[in-house]
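Here's the structure, in structure tokens; my notes come after.
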Amino acid sequence: GFALYPEHLAGADIPLPGRIIAVADVFDALTSDRPHRKRMSFDDAVALIKKGAGKQYDPEVVKAFLELVKSGDLSDPSA
């Protein structure tokens, strides 16, 4: 399951705001240029987060994230 360090919390023990921020933070990191790499495409970043549901990220938070993507409320910043 997913875990939060350094508190060593895992799964539902991680407060919901932290689980939401984890998904938002990784999406931002993946879709932003970094000094050591170019940004990932919007679709590739979404696919990577989807793949991590239940492993790295709360599956319910990922489900809500994917609903935002599908609804168009979260749009591709490079488009």
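A Cβ is built for glycine as well, from the same backbone N, Cα and C atoms used for every other residue.
Quantities reported herein were computed from a predicted structural model and do not represent experimental measurements.
Quick look at what TrEMBL annotates:
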- 1-79: domain 'HD-GYP' (DOMAIN)
Can you tell me how the residues of the domain 'HD-GYP' (1-79) break down into helix, strand and coil by DSSP?
41 helix, 8 strand, 30 coil
Taking only the residues in the domain 'HD-GYP' (1-79), give me the average pLDDT of this model.
89
